[in-house]
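Trainee: There's a structure below that I have some questions on.
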Amino acid sequence: MNEGEVVLTPEQIQTLRGYASRGDTYGGWRYLANLGDRYADDAAAIVGKDANLNGLNLWMKKGVENLWDDTVGKKTRLEKFDRVALQHFSQYVDLINENNGRLPNTSEIERSYYKAVTENGVSSSAAIDLVINRSLPDMADGYWALGLGIEAERIHNEQAVNNPNGSERDNRKQLISALDKGFDGSFKEKHFTFLQSVIMDVTKLGVEYTIDGWQKIGGWGNGIINDLYKSVVKREWTGIFEIVNNNIKQFRDLFPNPEGWIDDGHQCFAPWVKETKKRNGKYHVYDPLALDLDGDGIETVAAKGFSGSLFDHTNNGIRTATGWVSADDGLLVRDLNGNGIIDNGAELFGDNTKLADGSFAKHGYAALAELDSNGDNIINAADAAFQSLRVWQDLNQDGISQANELRTLEELGIQSLDLAYKDVNKNLGNGNTLAQQGSYTKTDGTTAKMGDLLLAADNLHSRFKDKVELTAEQAKAANLAGIGRLRDLREAAALSGDLANMLKAYSAAETKEAQLALLDNLIHKWAETDSNWGKKSPMRLSTDWTQTANEGIALTPSQVAQLKKNALVSLSDKAKAAIDAARDRIAVLDAYTGQDSNTLYYMSEEDALNIVKVTNDTYDHLAKNIYQNLLFQTRLQPYLNQISFKMENDTFTLDFSGLVQAFNHVKETNPQKAFVDLAEMLAYGELRSWYEGRRLMTDYVEEAKKAGKFEDYQKVLGQETVALLAKTSGTQADDILQNVGFGHNKNVSLYGNDGNDTLIGGAGNDYLEGGSGSDTYVFGEGFGQDTVYNYDYATGRKDIIRFTDGITADMLTFTREGNHLLIKAKDGSGQVTVQSYFQNDGSGAYRIDEIHFDNGKVLDVATVKELVQQSTDGSDRLYAYQSGNTLNGGLGDDYLYGADGDDLLNGDAGNDSIYSGNGNDTLDGGEGNDALYGYNGNDALNGGEGNDHLNGEDGNDTLIGGAGNDYLEGGSGSDTYVFGKGFGQDAVYNYDYATGRKDIIRFTDGITADMLTFTREGNHLLIKAKDGSGQVTVQSYFQNDGSGAYRIDEIHFDNGKVLDVATVKELVQQSTDGSDRLYAYQSGNTLNGGLGDDYLYGADGDDLLNGDAGNDSIYSGNGNDTLDGGEGNDALYGYNGNDALNGGEGNDHLNGEDGNDTLIGGAGNDYLEGGSGSDTYVFGEGFGQDTVYNYHVDKNSDTMHFKGFKAADVHFIRSGSDLVLSASEQDNVRISGFFYGENHRVDTFVFDDAAISNPDFAKYINAGNNLVQSMSVFGSNTAATGGNVDANIQSVQQPLLVTPSA
């Protein structure tokens, strides 16, 4: 067998014989076509009924009928055509059987048809191959197989050189020989005549018989003849017929498909279908039982509309689109009526299976269980119905069972089906769900999966299983494909007199207003042909969600679990009225979507009103779709009859001259009708090649405006139609696209597509896109705010902007913004933005090659590039090109942009923004507060006067702030910051983490190091002029002790001196006689504050921080630091280490913070706070009036040490919650909050001869109030002021004394 060859099985041949025995030639040929027989596809078209066909197939059928009528007469055709067709089909099946399942070749087909014709007394001139022979008398007489697209391997040479009766013709042999050897120039004219004839014949038949209308006819004929001619010249003989076939199909596709409106409306129905569960409590799915036949699990496919499977699940005679079982698995079925096919869901096993008690099964397993006659929970040979079971493996996935797709269980090696299952509710990811899963057993003892599926339901895409025979008159009626539970409009009208009368009236209505007045009635009358119309109970309202078993499954178990029953929500009168008004529309939409909305479920009034909104929106979309899709079959049909074809320059083109005359004729008596009809033809048709139509529409618009009727006409058209008219697309030809004038100042979009197009935006803010080809954009007076998008990468094209109505170049300004070109009218009346014009410096795919003016002046790209670099006195945007340029901003706040070259960018006056490109650029801000940005190169940035912002970004840049207070940021690379005389108050931000870079500050104009001071503030380095004229702050210089990413590596001076980082670090630790800020480094340092009120900061090392004279602030770091306040009132702060804090002279503030710290207040009245850790407070002779705050939450041991004092020298006095230890009138220590609790106490008091510990305090306090009272008395004793201590007090105090440890 050859790859792709169709070979039928004995079962399939038997199925064909069944079609023959029933006289169903159309069904038999369609069966073969579905198996891949190309000849059968055409044969089915020829024997089919008109109502089943459209486009090319209908043309072929009419062609054969015309052949019979012309050769043997219409009477003979009516009497004998069906007999000939049936005999030919039967003989064709016999040939397949004789060829062991292989399809007949073309010679066998010719002989069969000739035999059928002649044996029924019909002349052989009616043989089918002569249809093409008549059209091609000078070419391939008999070569009909190529024209029909039959497979090459089935084409037998004999049929190309012999008559059907076997007589040979020498001229055909000669022709075939010539074809085999190729053509020469002598055939050219003859071929062209033949092609003209073919196209004209196809066009004539297509117009006459293609019932779908003329909606998309525009442009189909252009280029066909040229393509065919080229094929002949290239000696591709078979290509001629392929192109004929392809273009005929292309012609057919240009007409609106009567089924296409369903897909167009599918999105508008989506919100309605989504709300199904709120109208009937159900998710619509179908429920069959399926078997895994290939061992990889049960696989399914999504519902795919008309391109997928359609099946009558509900036994209502309508096949609907459905999710389906894949071709390698199967459905368990039972042919109940014995007709050899599976007709509907009743013959599957699911919730459409009717049980013996008259109810419907809950699911597939429940349906199958009824066949378990012996009650063993297994279906096998012991059960009576086992032999009647089949597995349907839908090989071609069409939802129609064929004999070769139905297999017995024995053929598949299935021994039994197990009725046990588990609920799995597995989402299969394509709209389908595996609800229950069990297994079946094979004859070899292995098991495989069997499951109950919930298949997705798409009731919109539907086909009735029976066809309505139409009369010739009925077949001429306008038509739309059936949808939901509705037949094709034409068939439905054949069965409903009311609908037929309404369709006739609608088709005869001559104006849009008249059609719209009838549209609702037409929609309703079609809906009333639904078999369920009027049978449903009135819709009720409920908040009680329920599950229903039949007509698809209700909510899945997981979905049910998510819903809770609610008390009935009371609806307002307004909401009830809205629902009542929507009831009729809900019924209509049910018919169109195949739904049943018996109950409206809602959770709130807002929920109910949303359903009403969805209903109304969906109905409005439905009405719009029906109106638009009937438009060209009804009211606009008479105009289409005026379109013809003409031959120009060896090419067929559409001739619209008669159409223009037709509209003008209507306009004479009814201007509004002509206006509206023409507008809708342009808006909803595909007549883009009809330039005269758009010009005619423009004339109609202007006349309507003059007559004061334009707004009225627009209201009749509606907003959507007006919007469509404002957007126009061209074809592959040379189009003229123009704003036809709707909404004078409204936006218009014109798309040229292929070809050399002319786009005229007109008034308003228009978008014009030329597409490929040499396009011209025309702008006249009052052209508005327009945008041109001219992407076309082709070479050799020449795109032009043309200004008319006297517009000259000096009336316009040319500027650049980004890559866009802006052409502005100086009087402010309009602007044209050419998007991306300057991409690739104006040589890219978006350029406009020339700009033309009425006075003959032409600007090329080079001239435009010069114009947009000229500055003005205003705020300009100037851009350099890749080659390198000098740009001068002049006056105004300007934006200057460098490119890839080495550019000189001068801001001049004003607050300018200057951006470098990829080159080594020079940026000069000039006057004003400027922002300068380098980029990738080694750039030089000079801020000039003013407070400027400079950023070097990448590269080794030089930054000169100039006068003013400037901000300088070098970016990456080795950068140099230059400061001269009068440099101002500047900041340097030098973050660059790269290794190997070397950043420098350079002082010029004779500035030397001894003219500057170097100090540190936080992590910043401050370099100040001693005369106060300027300062440079190097931000974060000392981050990571000056080795971080912010450092300046060297500081250079005019005298050649260089300071490195180490030297700068030393300089900033030198004190002065003033108030200094000195910082230690991580390694540990000694800092001396000297004179002045100084700030000293430790770091991570063990630092010695001496405040010396002055009121100093000293801050420890993380090490074990020594802080000495020296003279003055000082503040000392420890940190994390075990620090030693000595206040020295003066009234000092000491805070140990973390660590085991030692705090010595020294002379003066000091405040001491130990913080956390085990701290020691030391007091010596003359320590003054000190306060200790010793609050802590840890369990450390704090000590107060009195050096030079014996225990008897110090008296304990309670003062409120404080404990006062008094050594003399001048020297005492107050422990703040001592009696608040243990967290405030000092644990041990140490004297030269003894120590008192906290446990001793607790002991005596717990024993009684003696100590407390005595201390209270002591508080008023003269001892506090230097008197004698009472003997009682001494006796209480004495037991507390212990000998201090060594």
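Keep in mind that glycine also has a Cβ here, set from the backbone N, Cα and C atoms.
Annotation comment: Swiss-Prot describes 1144-1163 as region 'Disordered'. According to Swiss-Prot, the repeat 'Hemolysin-type calcium-binding 1' annotation covers 742-759. Residues or ranges marked as repeat 'Hemolysin-type calcium-binding 2' by Swiss-Prot: 760-777. Summarising the annotation, Swiss-Prot assigns repeat 'Hemolysin-type calcium-binding 3' to 888-905. Positions annotated as repeat 'Hemolysin-type calcium-binding 4' by Swiss-Prot: 906-923. Under the heading repeat 'Hemolysin-type calcium-binding 5', Swiss-Prot lists 924-941. For 942-959, the entry in Swiss-Prot reads repeat 'Hemolysin-type calcium-binding 6'. Residues or ranges marked as repeat 'Hemolysin-type calcium-binding 7' in Swiss-Prot: 960-977. Sequence annotations record features per position, and here Swiss-Prot assigns repeat 'Hemolysin-type calcium-binding 8' to 1088-1105. Per Swiss-Prot, repeat 'Hemolysin-type calcium-binding 9' is recorded for 1106-1123. Here Swiss-Prot flags 1124-1141 as repeat 'Hemolysin-type calcium-binding 10'. Sequence annotations record features per position, and here Swiss-Prot assigns repeat 'Hemolysin-type calcium-binding 11' to 1142-1159. Taken from Swiss-Prot, the feature repeat 'Hemolysin-type calcium-binding 12' applies to 1160-1177.
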Trainee: Using a Cβ cut-off under 8 Å, which residues of the same chain at least 6 positions beyond either end of the repeat 'Hemolysin-type calcium-binding 12' (1160-1177) come close to it?
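Mentor: Residues packing against the repeat 'Hemolysin-type calcium-binding 12' (1160-1177) from afar: 1125, 1129, 1134, 1138, 1140-1154, 1183-1190, 1192-1194, 1196-1201, 1229, 1242.
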Trainee: Restricting to CB pairs under 8 Å, which listed stretch, 888-905, 906-923, 942-959, 960-977, 1142-1159, is in contact most with the repeat 'Hemolysin-type calcium-binding 9' (1106-1123)?
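Mentor: The stretch with the most close Cβ contacts to the repeat 'Hemolysin-type calcium-binding 9' (1106-1123) is 1142-1159.
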Trainee: Using DSSP, what is the helix/strand/coil residue split across the repeat 'Hemolysin-type calcium-binding 2' (760-777)?
Mentor: 0 helix, 7 strand, 11 coil
Trainee: Which residues, given as numbers and ranges, are at least 6 beyond the ends of the repeat 'Hemolysin-type calcium-binding 8' (1088-1105) yet have a Cβ under 8 Å from it?
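Mentor: Beyond its ends, the repeat 'Hemolysin-type calcium-binding 8' (1088-1105) has Cβ neighbours at 1041, 1071-1082, 1111-1124, 1126, 1128, 1135, 1137.
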Trainee: Cβ under 8 Å to the repeat 'Hemolysin-type calcium-binding 5' (924-941), counting only same-chain residues 6 or more beyond its ends: which ones?
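Mentor: Here the qualifying positions are 889, 893, 898, 902, 904-918, 947-960, 962, 964, 971, 973.
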Trainee: For a three-state summary based on DSSP, what are the helix, strand and coil counts in the repeat 'Hemolysin-type calcium-binding 5' (924-941)?
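Mentor: Counting residues by DSSP class gives 0 helix, 6 strand, 12 coil.
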Trainee: Taking helix as H, G and I and strand as E and B in DSSP, count the residues of the repeat 'Hemolysin-type calcium-binding 8' (1088-1105) in helix, strand and coil.
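Mentor: Counting residues per DSSP class in the repeat 'Hemolysin-type calcium-binding 8' (1088-1105), I get 0 helix, 6 strand, 12 coil.
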Trainee: Please spell out the DSSP helix, strand and coil residue counts for the repeat 'Hemolysin-type calcium-binding 7' (960-977).
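Mentor: Going through the repeat 'Hemolysin-type calcium-binding 7' (960-977) residue by residue, I get 0 helix, 6 strand, 12 coil.
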